[in-house]
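Chemist: Per TrEMBL, the feature compositional bias 'Low complexity' maps to 1-24. Look at TrEMBL and you will find 230-367 tagged as domain 'Phosphatidic acid phosphatase type 2/haloperoxidase'. TrEMBL lists 1-25, 421-463 with the feature region 'Disordered'. Annotation source TrEMBL lists transmembrane segment at 102-121, 141-162, 200-226, 232-251, 326-342, 348-366.
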Amino acid sequence: MPDFSPVLPSTTSAPPSPPHSLSAKTITTSPNPLLPLYNLAANIPIPAKFKKAKPSLRLQRVKSKDEAASHDVTKLQTSFAILPSLKQLQTRKWTLWDLQHVVTFGCLAFCLLITPSAPFLKSAAMGLLAVLLAMPATRQFFLPSLPIWVYLFYFFASRFIAPEYRPHIWVKVLPALENVLYGANLSNILSAHTYTILDIIAWIPYGLGHFALPLVTTVMLFLFAAPGTTPVWARAFGYMSILGVTIQILFPCTPPWYEGLHGLEPAHYGMEGSPAGLKRIDELFGVDMYTTSFTTAPVPFGAFPSLHGGDAVLEMLFLQYCFPRFRAFFVGYVVWIAWSTMYLNHHYAIDLVGGGVIAAVTYYIARTKWLPRPQLDKTTRWEYEYVEFGDRPRVALDEEYGGMGLGLLQRRGSDEWTLGSSSSFDSMSRGDTLCGSSSSSPNILSPTTPNDDHHGGDLWSKVRTTSPRAVGLTGVVAEEEQREVYVR
């Protein structure tokens, strides 16, 4: 019977060499010079950061319905509780951009000061405003639109500014600039020959579109643009209008109709305004839509800048940003209303340029800091799972802190006092995309193809290149694979 007992090596004999190993004597006496290099490479360990991570099973806690709803970027506030809002104001960290509220309430206080004394009515109005701003359900609408309401109050209350506090009215400045810049008075040329059909064509954007389009733009942005776009649009429109009225009060200039009625004679406060070409519309329809309102206008000498032109340019910029397919239509509307203002003898061309510049600067600031970036694969606001804000630099913060450029999203604080949406996500990583991701996960942004980028033909866009971090990671993986093959 054979013996199956284990055979133990002798303590004096050398241990057997492992398979596929080379002894020191073999290396020194080997005729092949590459064997030492092979042995050296086989004994060099690969750093842990270059090794492929082993798959691990992670348990994730299922979120409750309340937690899932809190991360819904399309959710609107429904609470009417005032106490939590007051606590939120007490703990809020104010920044330099919050000076916008100082401007808004300062302008509101100025209007209350110059208007006729009505203490009960003013106190009731301010109390109602405080309640509307304290309740989350109403604050989400009234706080972003507050600059618009203040602008309207500011415009109509400016009639109560005493003449002794008003500056000099400039009569010759705008006609002189018109001749210097363009070589002729474009408004006088366009309004020299009038026809009924041209009156109607000019009346549509100037007499109707100027008053209706801001509301139409608001509804379109709320329904079909990214969540948080409407508050930015409302604030931009309101602050641009407040700035325009302020310039009109501090730098009053006569419009083209004044030159046709009074020549270059000095103007004084108390003179009536004029509907100019809109008077023909009242005569055509037999109603008083514009004659009385323009004759008693609060700012009859507010030619520069033209808020008709400024509003149209701002609307065009916001709409073409969110709906780039219709960019040509929006630009055409700006050209249309620019022609109508000069044909109806209400503004010089330089007035339109001034209003357009103010609108462009306002839009650029809003887009750079707060405007949400649209995702063209989304049709309505309720299809958004995350929102990215502004035009921040392409350096990914999560990449700098070890996030490997995954574009991790951070929850944006629920605060309607800042520009943007109160329930939205803010990406601190731009990655390689500007429009978003096709991934269904609301927490991670995955790269998209250039065709998904909504900035395809945007004049504000910049050329985007592949992320250097992604290229570096690809090179590391390829180098690791080559090293493994070489070692084996």
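Each residue, glycine too, has its Cβ placed from N, Cα and C.
Just so you know, TrEMBL annotations are computer predictions that nobody has curated.
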Chemist: Please count the residues of the domain 'Phosphatidic acid phosphatase type 2/haloperoxidase' (230-367) that DSSP assigns to helix (H, G, I), strand (E, B) and coil.
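Modeler: So the counts come to 96 helix, 2 strand, 40 coil.
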Chemist: Which bits of the chain, at least 6 residues beyond where the transmembrane segment (141-162) starts or stops, bring a Cβ under 8 A of a Cβ in it?
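Modeler: Residues 100, 104, 107-108, 110-111, 114-116, 129, 132-133, 214, 230-232, 234-235, 237-239, 241-242, 245, 249, 298-299, 416-417.
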Chemist: Per-residue pLDDT averaged over the domain 'Phosphatidic acid phosphatase type 2/haloperoxidase' (230-367) comes to what?
Modeler: 93
Chemist: Before we move on, state whether the transmembrane segment (200-226) and the transmembrane segment (348-366) share at least 3 Cβ pairs under 8 Å, counting only pairs 6 or more apart in sequence.
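Modeler: No, these stretches are not in contact.
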Chemist: Counting only residues 6+ away from its ends, which parts of the chain sit with a Cβ under 8 Å from the transmembrane segment (348-366)?
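Modeler: Apart from its flanks, the transmembrane segment (348-366) reaches 174-175, 177-178, 181-182, 185-187, 232-233, 235-236, 239-240, 243-244, 255-256, 303-311, 313-314, 317-318, 334, 338, 341-342, 419, 460.
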